[in-house]
Amino acid sequence: MSSMTPQEIVSELDRHIVGQSGAKRAVAIALRNRWRRQQVDPALRQEITPKNILMIGPTGVGKTEIARRLARLADAPFIKVEATKFTEVGYVGKDVDSIVRDLVEVAVKQTREADVKKVRARAEDAAEDRILDVLIPTARTGEQPADSTARQVFRKKLREGQLDDKEIEIDVADARPQLEIMGPQGMEEMAEQLRGMFSQMGHERRKARKLRIAEALKLLTDEEAGKLVNEEEVKTRALQNAEQNGIVFIDEIDKVATRQEAGGSDVSRQGVQRDLLPLVEGTTVSTKYGMVKTDHILFITSGAFHLAKPSDLIPELQGRFPIRVELESLSVGDFEAILTQTHASLVKQYQALLATEGVTLEFVPEGITRLAHIAFEVNERTENIGARRLSTVMERLLDEVSFDAAKLSGQTVRVDAAYVDGRLASLSQNEDLSRYIL
């Protein structure tokens, strides 16, 4: 669980996302409250439920990017899902309970990786011993002491990488092919249980394999680490981590909102909302690792709400998202900042890509300003897709350089206002062309 302060979280988000201070503050406070709750007396802790968040804003302004970055900062089980993938039970689509099952899988993976990291040094020592037993067979027969001079010499060579290319034959667990069982829609849990049941049938088989020592060492280290990790303890802690610290981000929630004026039958849109409701307000979901309570899982939802309004969601679901954050559309200045100030901006990405072929890409401020203006104008005249427009415009701008990069090796390409206008101005001014090309 991350112990970063709200200011630190916002500062980290600022490195990747321009503007949207309201949304950043909301998720930062929500994440910090997860940590605060863990410090509270256990009797009161159970009564403190998370304040779920609804983010509203047009496409391409940073809603999904905030979720992606939050996942890396949270240091807690985190899953992002699309609301459109789920349908009411009885229709074609995924069962909403699979959200919790997937969250638990993430928690188990995180917990196991953390435990493997702790025992890594012991596992590496055990793997080295197994390789040395193959290299110096006499050590196994008792003719020489286990820590003989020869063994120490070989251990030193092994650690220095001098033996990496030597081939040896070792016994390793035979990884049998995974039995794939295709369950019907909404029956993913049953299919998972059947897979687990079949995988446990029969004894573990071992097989002799001839491998380079470098590969054998990695394989044996993973095998030894698996023996040192207590799987039952991993499952118990992972379930608790998912229940107490889990975060679920549901994107495109507006797509399951039913518009009041819409006629005809909406394919179970309200049904999806009603199925999500118990999950958000607190229920118990059965997973292959055990029962999971969702009372303290934090839910963050987002949607553009172009056609529907937040008030079109069923009232019970609206009430479960007390924190509403509206994200603003991006301005020309925001586009410029995205191109120049973010940690891994498109400008830096293209410069790094073309540098691999010896081409130096130099962006001057006037060129970036003109590029931002063109992206903004195209968004205004056609569909507003926010910052995603910059990717389309940049790809078109550097199409020629990217194609001829091998011929331009050793040269510097200067991207100024004239360069941008020469390649994009005619396209951006022609609405038909910009609609289909930019």
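The chain as shown is numbered from 1 upward.
Quick reminder: no glycine exception, Cβ is built from N, Cα and C everywhere.
Copied over from Swiss-Prot:
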BINDING   V18, G60, V61, G62, K63, T64, E65, D251, E316, R388  ATP binding site
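Long-range Cβ neighbours of E65 (ATP binding site) (same chain, at least 6 residues apart, Cβ-Cβ under 8 Å): H16, I17. The number of other Cβ atoms within 10 Å of the Cβ belonging to V61 (ATP binding site), over all protein chains shown, comes to 26. Within 10 Å of the C-beta of V18 (ATP binding site) we count 22 further C-beta atoms, all protein chains included. Under the DSSP three-state reduction, V18 (ATP binding site) is assigned to coil, being neither helix nor strand. Residue annotation for ATP gives V18, G60, V61, G62, K63, T64, E65, D251, E316, R388. The furthest Cα pair among them is separated by 34 Å. Cβ packing within 10 Å was compared across the binding-site residues K63, E316, and the lowest neighbour count falls to E316.
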